[in-house]
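A.B. asks: Quick one: the structure is below, questions incoming.
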Amino acid sequence: MAAAYGNSRGGGLLWVSMCGGGDAEAREIEQLSREGSRYSLSTGILPSLGARSNRRVTLSSFIVSPSNRRYREWQNFLVVLVVYTAWVSPFELGFIDTPARPLSIIDNIVNGFFFIDIVLTFFVAYLDKSTYLLVDNRKKIAKKYLFSWFLFDVISTTPSELARKILPKPLQFYGAFNMLRLWRLRRVGSLFARLEKDKYFNYFWVRCAKLVCVTLFAVHCAGCFYYLLADHYPNPDKTWIGAAIENFHDKSIWLRYVTSIYWSITTLTTVGYGDLHAENIREMIFDIFYMLFNLGLTAYLIGNMTNLVVHGTSKTRQFRDTIQAASSFAQRNQLAPRLQDQMLSHLCLKFRTDSEGLQQQETLDSLPKAIRSSISHFLFYALVEKAYLFRGVSNDLLFQLVSEMKAEYFPPKEDVILQNEAPTDFYILVSGAVDLLVLKNGVEHVVGEAKNGELCGEIGVLCYRPQLFTVRTKRLCQLLRLNRTTFMNIIQANVGDGTIIMNNLLQHLKQSEDPIMEGVLVETENMLARGRLDLPLTLCFAALRGDDLLLHHLLKRGLDPNESDNNGRTALHIAAAQGNENCVLLLLDFGAEVNCRDSEGSPPLWEAILGMHKKVVKLLLDNGATIPTNDVGLFACTAAEQNDLGLLKEIVRRGGDATQSKSSGCTALHVAVCQGNIEMVRFLLDQGADVC
């Protein structure tokens, strides 16, 4: 079976390459690898809607797909031969009376190639215009071709020598039958239609090339036809060329051809020097129709060129109209000069980004989500990862955030965020710099500056309070914008990362020496304690902060007291490690598992013993906490590695056997001996440790 889009890279005949005969599996693999890059509006077949649609099409044996790469190369080769035909057919009609070498030989060679194409067409699948499916039934292909273009193709391929023997005498002059070969020009039209949609070719230059080809062909045909009239006129001296060149039949054929083209081009361009003009009624009639044709051709050329030029300057004209409208609006409403400058600067920057191909958001919005996400990840992931707010969060969260961020450009001196406005977005600075301003007593004061990789507006978004500062660009800036609603939705699905983000924010506020930030920190902590923030806070976050009020609020909201973080640590582990008796008591009252283990197998009691928090240890023991017998050896070795004899004694005092070994067979005695801790060795020997 030959795949519809399959292409063989191996050598061999063109027929084998296009119609199959190689290994089917190899073709299948190659098809899958190449299909994505070759699938386009100009060469592929769009799949129908629905789950039953099938993008890949398998054709019958020895049937060629019209999208086959080698078949298209064959068609492009035939276009080159069509160009030769477009020149030689009118030339032979006008200037050659009998077959002459080498043109007659070349003509028959060209006809041979087109005859091969006629045979090949019987094996090329066609697209059914009603179902838009490839038809590969040989009988249907043959029937369609026979009742469409077959007769014209055969006639245009018949050798002129044979045609002269068949045709009646009035039509036997050399070149008349050859004009039927111009039927092949339809291939050139199809080529230009395809090139106009090809992303690898500039549309403007393709259109210009098409117009030039049309003009040259019209000039060539008119010159050849006009000379034909003079060549067959009974009185050679009463012809347009005979009046200018005596005995023109005796002159070089190329001189006559150049003279004819000269007349044709001067007439087409309406220059008309007057040195060549009609001398008889036949030529006058031809001139009349040729000049009428020139009117239509000139209108066609001027219309197309005008459209191309207008299309190229339409953006500039639209920009000027927009600037004019904005200026009129500002003057009519008496806007402040600074606002006028911001309006015009923004419009100028937008025009610049559009004219330089930086319409990034329009381009991204036209792509599927997966491609948009991959592009955003490639461009901005490294920058977002380094932002203080997202340190330590998961890669999944970063990927989701980057995918939702929008890149925007801002000109110098433009306000990005206004003080006290609603917190709808926050920004990450990609390039440039911005000033942070505060309005006091009607005067703006610069209180800070943000540079590459820093955030703006995140405090207002996270704490859901009016923006603290006016953010104004110092120079041309590129910023990543993230909507608050989108951000919160992502955080709701990643609760653990929300805790990390909140910790990062609080740490940032604590490290700030700005009095404004200190006030924000106090207010934020109060809001946390009352549970008034929209962030999905966890019990681990509250335990880590030692905030028993927030912990109690979260527990009353129904959060699971045994929820754990990415390391398997519960809020009870954290509270026990910090020695926070109130938090431990709260968690136990709400049913926290006292002997739960983290990913390393440590229970909360071990965390409390490790931190030497005696009150918490007693509280846990009173609530049924125990040191697992299987892990005593591990804990004893940990105490020995830390040279902490007191911790080792605490394990023994809580009923643990310090002489046990951990899973690797190592005991606390081995560790103590290796570290040279004589006092610990003596203690372990007193406990009955085995010296073997």
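Backbone N, Cα and C define each Cβ position, glycine as well.
Pulled from TrEMBL, these are the listed features:
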- 77-96: transmembrane segment (TRANSMEM)
- 108-127: transmembrane segment (TRANSMEM)
- 204-229: transmembrane segment (TRANSMEM)
- 254-276: transmembrane segment (TRANSMEM)
- 288-310: transmembrane segment (TRANSMEM)
- 389-491: domain 'Cyclic nucleotide-binding' (DOMAIN)
- 567-599: repeat 'ANK' (REPEAT)
- 600-632: repeat 'ANK' (REPEAT)
- 664-692: repeat 'ANK' (REPEAT)
A.B. asks: Over the span of the repeat 'ANK' (600-632), count residues by DSSP class, listing helix, strand and coil in order.
C.D. replies: 20 helix, 0 strand, 13 coil
A.B. asks: May I ask you to check whether the transmembrane segment (204-229) and the transmembrane segment (254-276) make contact, with contact taken as at least three Cβ pairs under 8 Å and only pairs 6 or more apart in sequence counted?
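C.D. replies: Yes, the transmembrane segment (204-229) contacts the transmembrane segment (254-276).
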A.B. asks: Using DSSP, tally how many residues of the domain 'Cyclic nucleotide-binding' (389-491) sit in helix, strand and coil.
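C.D. replies: So the domain 'Cyclic nucleotide-binding' (389-491) is made up of 26 helix, 43 strand, 34 coil.
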A.B. asks: Per DSSP, what is the helix/strand/coil residue tally across the repeat 'ANK' (567-599)?
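C.D. replies: With helix first, then strand, then coil, the repeat 'ANK' (567-599) has 17 helix, 1 strand, 15 coil.
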A.B. asks: Between 0 and 100, where does the mean pLDDT of the domain 'Cyclic nucleotide-binding' (389-491) sit?
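C.D. replies: That region's mean pLDDT is 88.
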